[in-house]
Each structure stands twice: as C-alpha cells, then as structure tokens.
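Per Swiss-Prot, the features are:
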BINDING   145-196, Glu226  ATP binding site
BINDING   Glu293, Glu306  Mg(2+) binding site
DOMAIN    101-333  domain 'ATP-grasp'
Amino acid sequence: MITKQQVLEFLKNYDLDNITIATVCSHSSLQIFDGARKEGFRTMGICVGKPPKFYEAFPRAKPDEYLIVESYEDIMNKVEELRKKNVIIIPHGSFVAYLGTENFAEMAVPTFGNRAVLEWESDRSKEREWLLGAGIHMPGKIDDPRDINGPVMVKYDGAKGGKGFFVAKTYEEFDELVDRTQKYTIQEFITGTRYYLHYFYSPIRNEGYTLSEGSLELLSMDRRVESNADEIFRLGSPRELIEAGIRPTYVVTGNVPLVARESLLPLIFSLGERVVEESLGLFGGMIGAFCLETVFTDELEIKVFEISARIVAGTNLYISGSPYADLIQEDLSTGRRIAQEIKEAVRKNQLDKIIS
C-alpha cells in the first residue's frame, strides 16, 4: 500500500486553492459531483470510453471535465495527470470494485479516507474481529456447514450489491448451492427489518456528538430493494417456489428511505461510536462516510451483519438532505458532507488527517 508519507509529498505540489474532486462515473457519483460543486470545487468524472450520456440530463451534477480511460486499470497510468490537476479521489463501492483492491491501495493519488480500512473491510473474518471487538452484536457464525440446522445466509468474500449471497436451511441445500472455489462465510439468518445506517466520522471536528477524537454524525438511513427476493413470494410459498426450481436472489436494484424510532437513536449512535473507536486502535480510524448494515429485531435489538467503510448508494436518496441531515444543515447530502470535510481540512491545514 502507498504510504501516508508518499501521499503527503504529493500534496506539497498541490495548489490547494484549486482542488479537483474526482471519482468514477458510477454508484454515487452524481451526488458526489453535486456536493463538490455546492462547496465550490471543480469536478472530474473518470469513465471508460465515451462519457455516459445521462449526465447531460443532470446539469448540476455533470462533472466539469472527464478523464477517459481504456479500462479501469488504466487509471493507474494516469496518476501524474490526476496529480497535476490537484485531484483528490473520492472512493465509492464501484470505484474500489472496478479498479481492484490492490490497485486502489497502491494508487499514487491523494484519496479521501483511510485506505488501511480495506484490509479489515474486505476480509470477512477480520471484519468480524473488528465489529466484535467493538462490542457489536452480530449474527452467529457457523464454521462447519454440517452444523446448519436452520436458515443461514452464505456470503462470498468481496461480494457486493447482493451478488454472491444465498440462503440455505440445511447442509444439503448449502451443498447444492455453494461454490467451493470461493471463500465464504456462513451467518445465522436474523429475522427482522433491515436498516442501512449512514454515518460520517470527522477527525477534525470537535463539536456535536464527540468521540475520543473528532465527532460522529448520523446523516440518513435506507433499506435496499433486492431482486428477486422482494417480489418473488407473490408467486407462492417458499416451498412451492423451491419445488418449481425458483430460489430467491439478493441483487440490489435500488433503495427506499427509512427513519427509525426516536427511542432507538441512542443505540444507533452508540453502535457508530463503538465501531469508530475500535477502528482508531486497529488501523488509525475509519474516516468519512460509512454504513452499518443491520437488522432491527422485534425485541428492538440491533444486529450488525456488515460494514461498508465509504459512501454507499443508499445515500443517493438524500441529495437534497434527509430527515436527520436537515437537523444538521439544510440541503446536506453525504456527497456534500465529504466536500465540506475536504474544504475544512484545507482551511485548518489538516488535510493529512483525512487523506491517504
């Protein structure tokens, strides 16, 4: 992984009055570009081939310029060009997936957030160690598939967007569906309501909901719409579907907004706080936007089954603010909050605390 010192050397040659915010044209890029423009930054969209035409339909979120690459791996050959334009990269889930975690870790361009989180986020066993170390309640983990005696969720390492997930109730079902060439995790299937909680951790603000270092914000929350799981049971009972050879899949196709009972907010903040505090000790902190992927049970317990350590697509619901973000600042999206953090870090001469 590129070192923090190397990144700081690059920043010495930056014109900090003319920073360009850049990301790959996908995932949450519209929101990122819109938020950056609202905070006075130039924007750059990175794309393979011709720029997507749909950006013409959204002029407020259309990037000021494009970097055209032959492939996503080709971004690694454009790092000098990016640095000459004072670029700070905003990583989102698709950016990391398309470029590859190894390339992303080595990319010689200043990047918002702490790249050290990749090691802990992409390995499900390390992710579990992190969350359990923070005192987070997680679904039970089953090490031997022969011990399956009820519904379980099976996830392959690195699976995102719902791909690579399946549910099994017996070892026989597991054995029929599993791809043993991939590394997988078996988790207890928790019944309840799924909530995806969108937080923002700032190491440079010391107001509001403060932690041992910096402060924590809750910006929004959502639930994912999944195909075909959300509609499949209109066709019959689970048993009838299985007999017909139809099994649910969990590919994310969109998102719907949610708010939580106000009485749950103390627990929601506590979860975010514990995860951040644990990250500070493990790898120097998870900076900026992150999401805890949870299930709220009928006993009002919150179980966390995964973490995403950067902006998630569910925040796209709230480009003009959310019921929570509106209580911090009007018209505050996660994309705009990222731009504010960079702007504030430049003003305070603390960019070293938020980039890697």
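The backbone N, Cα and C atoms fix where each Cβ goes, glycine too.
Other C-beta atoms found within 10 angstroms of the C-beta of Glu173 (ATP binding site) number 19, with every protein chain shown included. Of all Cβ atoms in the protein chains displayed, 15 besides its own lie within 10 Å of the Cβ of Arg194 (ATP binding site). Glu306 (Mg(2+) binding site) and Gln187 (ATP binding site) are 11 Å apart (CA-CA, integer value). Cβ neighbour counts within 10 Å, taken over all protein chains shown, single out Phe166 as the most crowded of the binding-site residues Pro145, Phe166, Arg180, Glu293. Take the CB of Gln187 (ATP binding site) and look out to 10 A: across all protein chains shown you find 19 other CB atoms. In the three-state DSSP assignment, the secondary structure recorded for Glu173 (ATP binding site) is helix. When other Cβ atoms within 10 Å of the Cβ of Val152 (ATP binding site) are tallied across all protein chains shown, the result is 26. Using a 10 Å radius centred on the Cβ of Glu306 (Mg(2+) binding site) and all shown protein chains, the other Cβ atoms total 21.
Checked against Glu306 (Mg(2+) binding site), the binding-site residues Pro145, Val152, Glu173 differ in C-alpha distance, with Val152 being the nearest. Annotation: Arg194 are the binding-site residues among Pro145, Val152, Arg180, Arg194 whose CA atoms are within 10 angstroms of the CA of Glu293 (Mg(2+) binding site).
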